[in-house]
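Participant: I have a structure I would like to understand better, so I am pasting it below and will then ask my questions one at a time.
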Amino acid sequence: MVRLSYVRFGVAWCIAIIIVSGFSNAASDNFYTPKNGWRSSSAGDILAWRSIDASGIKANVDLTVAYQILYRTSQNSPKNPQHSVTTILVPKNSVKNKLVVVGEAQDSNNANSVPSVGFVSGSRDSPNLVVDESLLVPYLQAGYIVTVPDSEGPLNAFTAGRSGGYQTLDSIRATLSFDKLSLNKNTTVAGFGYSGGGQAISWAAALQQSYAPEIHVAGWAFGGFIPNVTALVHHADSSRASGYAASAITGLVDAYPDLEKASKSLLTSDGQDMLDFVRSNPITEVVSKYANVDVLGSKFFKRDGGLFLSKAYRDVARQNMQGTSQNEVPHVPQYVYHAESDEVVPYNSALQTVQYWCRHGAKVEFVTYTDDKLNHNNTQVTGSQPVFTFIQRLLNGKKVSWDACSFVKENTGPSASSSAGGPHVVPIPTGGHHTQSGSAHGGHSSEHAASSTHAPAGTGHNTSGTGPHASSKPSPSLHPSTGATSPAPSSHRETSGGAAGFGARVASRRRAAPPRTMPAPPLMER
């Protein structure tokens with residue numbers, strides 16, 4: 001069976017052709033099981049490798065070869081050995097010593113939804129891969145070798161972001177040391193991802209300096225990322241995106257033995273059935289089944305909201321919360337984007353995290369998409385072209401134009417893609433599916449509303465937890481005192497033709513007056 005997915009990337013149409021035949025299964029494929037003694041190897045060591053026929057990508061770009069590497073990595077902590085797989089795509093006339101690592105939005109706890117299975121066997125259980133493959137095409141056409149790790153690892157632990165960071169960084173190590181490629185330890189690396197893939201990339205950015213300082217990273221780009229799992233669960237619960245809340249809970253339970261043990265006394269039989277369903281089905285089925293369901297309620301937990309009262313959960317949530325440690329502030333340039341109207345990952349949690357990073361020396365351009373027609377899904381393609389421009393500039397040795405942090409608002413609407421499924425392909429139930437098409441940030445004018453802001457302590461945007469992005473459910477205390485703020489825009493306007501380093505953007509900007517300090521948000525014991 002051949003499935004076509006059309007995505008407009010700038011002015012060019014990308015056609016992802018997924019050839020489905022003879023489905024592989026990670027659980028039954030011996031390649032995914034390392035040989036005895038693998039735990040004594042070092043992080044990033046290659047345990048096994050194989051050549052593959054990446055049928056979906058080959059239909060769109062001329063690949064010289066594709067490989068998969070089984071490599072040693074870490075789970076939850078550098079002290080806990082783990083293994084994972086990365087898929088390497090080598091285009092014809094590949095550029096030497098430049099590597100792009102991609103955070104694939106698996107967003108699923110299902111073993112057959114991992115990127116490496118989707119590349120080999122098609123995307124039956126990896127619906128997000130349909131679009132993400134399309135978005136790889138410009139990078140491959142530019143000659144960049146691309147590595148796509150299974151960043152959820154063999155536990156398929158969606159939202160276990162810290163592990164995703166380790167597994168992403170170790171996929172880079174393994175790829176750079178692979179002797180079949182024209183790469184070496186001095187290779188320049190850049191990475192991008194969205195949603196769960198954005199979470200893995202953002203954690204790679206946060207952990208790189210302490211965990212893999214030898215990697216020469218030029219910068220990172222990510223959107224729709226998950227810096228606070230509890231905020232996602234509260235935000236998505238009892239909405240049409242409730243399936244993401246169920247998947248987030250399941251991922252943490254599967255990744256942390258103490259939480260898995262505690263869950264047995266917290267879950268009802270329906271709750272255990274919910275986790276089993278999440279593990280056994282692709283995210284499309286999970287989102288459909290649990291749409292508008294209160295997954296935190298008494299049907300699934302023996303005590304309403306009891307999950308958040310568990311010490312085991314609070315400990316795990318803190319370990320996977322970003323914007324809480326000065327030792328985990330990314331030190332290379334970042335391009336981050338998020339839709340204010342994101343119905344899955346609350347906008348404020350992303351904003352608060354970036355503000356924290358900025359107060360501690362990060363270099364970030366944070367783009368807020370303000371059009372209320374944008375959702376979690378279609379924001380991915382809307383932001384894909386500026387992400388490509390950012391990555392390409394960095395790999396070409398060009399510096400970004402911001403010295404500290406820049407907060408920008410754009411009213412760019414969604415591509416004429418599905419408001420239901422969107423370019424990210426997971427259909428949040430709204431009663432229909434649409435063909436993916438339209439402009440991906442290339443055909444609209446945009447309003448930039450805010451500022452080259454250096455974000456000293458106590459500056460930023462409104463994070464008061466009110467408005468359309470705040471959860472209506474009461475939540476336990478969660479975010480540390482970040483001194484969140486709200487800007488007071490002035491009427492001054494400045495016209496810029498790609499001033500933030502993206503020549504493709506021609507837009508109007510207005511500078512914001514110094515933000516005023518607002519009360520710190522609660523720590524969402526998320």
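Each residue, glycine too, has its Cβ placed from N, Cα and C.
Dumping what Swiss-Prot says about this protein:
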type	residues	note
SIGNAL	1-26	signal peptide
CARBOHYD	Asn186	N-linked glycosylation site
ACT_SITE	Ser195	active site, nucleophile
CARBOHYD	Asn228	N-linked glycosylation site
ACT_SITE	Asp342	active site
ACT_SITE	His376	active site
CARBOHYD	Asn377	N-linked glycosylation site
REGION	412-526	region 'Disordered'
COMPBIAS	413-423	compositional bias 'Low complexity'
COMPBIAS	430-457	compositional bias 'Low complexity'
CARBOHYD	Asn462	N-linked glycosylation site
COMPBIAS	480-490	compositional bias 'Low complexity'
COMPBIAS	516-526	compositional bias 'Pro residues'
Participant: Measure from the Cα of Asn377 (N-linked glycosylation site) to the Cα of every one of the recorded positions Asn186, Asn228, Asp342, then give the nearest.
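Facilitator: Sorting the recorded positions by distance from Asn377 (N-linked glycosylation site), the top entry is Asp342.
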Participant: What is the separation, in Å, between the Cα atoms of Asn228 (N-linked glycosylation site) and His376 (active site)?
Facilitator: 16
Participant: Do me a favour and check the Cα-Cα span between Ser195 (active site, nucleophile) and His376 (active site); whole Å is fine.
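Facilitator: Ser195 (active site, nucleophile) and His376 (active site) have their Cα atoms 8 Å apart.
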Participant: Reported as an integer number of Å, what is the Cα distance between Asn186 (N-linked glycosylation site) and His376 (active site)?
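Facilitator: His376 (active site) has its Cα 36 Å from the Cα of Asn186 (N-linked glycosylation site).
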Participant: Measuring Cα to Cα, how far is Asp342 (active site) from His376 (active site) in Å?
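Facilitator: Counting only the Cα atoms, the answer is 5 Å.
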Participant: Count the Cβ atoms, other than its own, that fall within 10 Å of the Cβ of Asn377 (N-linked glycosylation site), considering every protein chain shown.
Facilitator: 31
Participant: Determine, from DSSP, whether Asn228 (N-linked glycosylation site) sits in helix, strand or coil.
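Facilitator: In three-state terms, Asn228 (N-linked glycosylation site) counts as coil.
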Participant: Measure from the Cβ of Asn186 (N-linked glycosylation site) and count the other Cβ atoms within 10 Å, all protein chains considered.
Facilitator: 9
Participant: Count the Cβ atoms, other than its own, that fall within 10 Å of the Cβ of Asp342 (active site), considering every protein chain shown.
Facilitator: 25
